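Notes follow the structure.
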Amino acid sequence: MSVAADAKSAVERPPPRARGWPRSRVIGYVLIGIWIAAGGGIVAYLVWAWNGELFAKYGPSYLEGLGVTLSLVGISIVLGAILSFPVAYARMSKNRILSGLAYCYVYFFRGTPLLVQAFLVYYGVGSFKPQLEMVGLWGFFREAFNCGVFAFALNTAAYQAEILRGAIESVPRGQWEGAASLGLHKLQTLWKIILPQALVVALRPYGNELILMIKASAIVAIITVYDLMGMAKLTYSRTFDIQAYIWVAVVYLVIVEILRHGIEWIERRITIHLKR
Amino acid sequence: MLSVWTLLSWGPDGWLDDIVSGAAVTVLLALATLPIGLTIGFFIALGKQSEEPSLRIAANIYTTIFRGLPELVTLFLFFFGGPLILQYLIRLVRPEATIDVNAFVAGMIVLAIIFSAYASEVFLSAFRAIPKGQYEGGYAVGLSYGQTMRKVILPQLVRIAFPGLENCWLSLLKDTSLVSVVGLAETLRQAGVAARVTKHTFLFFSVAAVVFLILAVVSSLATGAIQRSLSRREARR
């Protein structure tokens, strides 16, 4: 055996494909088999339990519920985004009191379950009925949908403020200094230099927040809003048919998957200039 | 009309004892879920980084489904659908049997599934952060796959994954409140009962919020201590 032959055989090659039936392959095939059986079982159940009458009766209400879910999430995300700017500003400010207040706000909304916050708004405002009637806001809070939007907007504002803060702080200080040396004032710097760079960083967390909100929006069904989940609950309470929840699960999964892939696509597009 | 302090006192007039027992259930549920969720999550992560494509696909299906479904939908599917399947299976053997689902157990299963789906992503990125040389070094000194995992990889994995797992734990703690919807007497449920009976809704739901805040503060203190002891043990490089 020569040294050269040894060196040749030492060239790094990808490991040979495992042949036959190693343990991991057996487990993998069994697990996939279980998934196929479960998926097939659900499809078979849906086909077997198919009830055209029921579908015609409750199908449209699901669509209506989907509309409620999407508008609830849309309105809260936009309101939350608007509210998140002052919160993020306060959080980054050098004023101790201001940043402390913003920290408490963020800690409260991130540290307590959204369900508790929704209950606090929906059931809790009843305690302030006379005061609210005096200001004329009682009509607003009597609607469960408005309460949901109120709680969700406050909640998502806390999360979005943190995303925004993280993204702005990820932009190097030199960018601020460079802009200042060119004579741009703070607001111009923020708008023209910092935000465009920060939003590229923030896109993925914002996308995750959107998906989290869609998923979290299911809990407004508990405070009697007839969103997608609310319609499923209503259908189930009338028919005691588990199909009600299977269909709603399918709809949520499809929405979340579409959003997830959409966000990935957008991210690929807007980070093209960063690829090397 | 009872004063606020009477309402929040311990004993027959006050509701503090009920709320505290609810908080205990919340903590118990989260603690009981944690080991199951961590174990499942670890094996899912192993499957995801396996060289065997079928194992990867099976693991990815799991996370896609359980991270994509709202927690509430998963809970309702298992709480209402699980008994149907179980009943069907049991009636094949004993036709007269009926099933009664315990909200605690159902909540534990669902929360463990959701927790493991998120934890597996954390474990996966931790696995990717460990250089291949660590495995090779383990094999080179004659350790088997299992030994390398236990003695070389896991200690590093825990350190890298810890901050991510801490987040998973905090959201697990918050998700326990959802189980109140299927009737488990945890913090939110107890607070809701108190609110309905006394009509002091804002007061009692604020108390529930405060309980969750306290739990969050306590667990961040605990995780801080664990984190410090983990980083003390880290090898100098």
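Cβ coordinates are placed from backbone N, Cα and C, and glycine is handled just like the others.
Caution: TrEMBL annotation is automatic and unverified by curators.
What TrEMBL records for A:26-48 (among others) is transmembrane segment.
Summarising the annotation, TrEMBL assigns domain 'ABC transmembrane type-1' to A:66-263.
As annotated by TrEMBL, transmembrane segment applies to A:68-90 (among others).
Per TrEMBL, the feature transmembrane segment maps to A:102-123 (among others).
Residues or ranges marked as transmembrane segment by TrEMBL: A:135-155 (among others).
According to TrEMBL, the feature transmembrane segment maps to A:210-230 (among others). Remote same-chain partners of the transmembrane segment (A:210-230), defined as residues 6 or more beyond its termini with a Cβ less than 8 Å from a stretch Cβ, comprise 61-62, 64-66, 68-69, 72-73, 76-77, 114-115, 118-119, 122-123, 144-145, 147-148, 152, 155-156, 159, 248, 251-252, 255-256, 259-260, 263.
Remote same-chain partners of the transmembrane segment (A:242-259), defined as residues 6 or more beyond its termini with a Cβ less than 8 Å from a stretch Cβ, comprise 42, 45-46, 49, 54, 58, 62, 66, 207, 210-211, 214-215, 218, 228-229, 231-233, 235-236. The transmembrane segment annotation in TrEMBL covers A:242-259 (among others).
The listed stretches are A:26-48, A:68-90, A:135-155; of these, A:135-155 has the most Cβ pairs under 8 Å to the transmembrane segment (A:102-123).
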